[in-house]
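Notes to accompany the following structure.
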Amino acid sequence: GKWKNKERVLIFSSRGINFRTRHLMQDLRTLMPHSKADTKMDRKDQLFVINEVCEMKNCNKCIFFEAKKKQDLYMWLSNTPQGPSAKFLVQNVHTLAELKMTGNCLRGSRPLLSFDPIFDKEPHYALLKELFIQIFSTPQYHPKSQPFVDHVFTFTVTDERIWFRNYQIIEEDASLVEIGPRFVLNLIKIFQGSFGGATLYENPHYRSPNMHRRLIRLSVAAKLREKQQVKEVQKMKKKGSKALIGEDPTEVVFETPAEEKPVEIQLVKPESKPIIKDKKKPRKIQRKKQKKLFRTE
């Protein structure tokens, strides 16, 4: 057949990504034979520059990984240069080498795309579904692809997030075995243009990682304050329990007075004890003198 659908996807990232993001990016490149790679983009550059990079690489779709604070990972999916584009927060990343799954698929084979039924109900999910289809599906008769379908990309919506999974189709009983990689996409915004423009949709359930970390710190501080207050209350209770009790008149009932002893006054000075001299002392002195003389000689 003739290669008509000439979709090309540029997959690259910004500087500052960690090893897990780099491995995830490499896994996506191996799973998508219609993808292209490029060098990392500098953080100071504006995101609109990516449209020019895609034009130079002859790509009409882009997956861009943006790292912030060396711990937060964002993914941009864009249709360049007209748009639309979507920004996601990537969570729970597990790569192919890390998972060590039993499944395996042919390199360059075409995948099936499986979507949750909610993608057809909500308008913003319908837009994302079309974007996922155009980016992740391998074009038919692509020169680097194989004419086989042996794995499935699943996009499931759970807990207001999109869960990505990759499964192998086993020929014997058509059962599924997970291959990897796997990650979770938390939608932030959908823009009308490519990497910017008017906001078409904003996720009301999205909470930024900075806010999440701040809430965790506040909860830990609240627990510590509560412990401190409990300790102070216990100290106050202990001080209150040591209140003075009035004298009990019945305490003296069983006390018997002791017999008074006559006072004796000694008028005569006591005799001093005799001093006993050590008879062996002169001998000891003499021995010490002899030892000193012997040492000097």
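Glycine residues also receive a Cβ, built from the backbone N, Cα and C atoms like all the rest.
TrEMBL annotations:
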COMPBIAS  278-297  compositional bias 'Basic residues'
DOMAIN    7-196  domain 'Brix'
REGION    272-297  region 'Disordered'
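Residue counts for the region 'Disordered' (272-297) by DSSP state, with H, G and I taken as helix and E and B as strand, are 16 helix, 0 strand, 10 coil. Per-residue pLDDT, averaged over the domain 'Brix' (7-196), rounds to 90.
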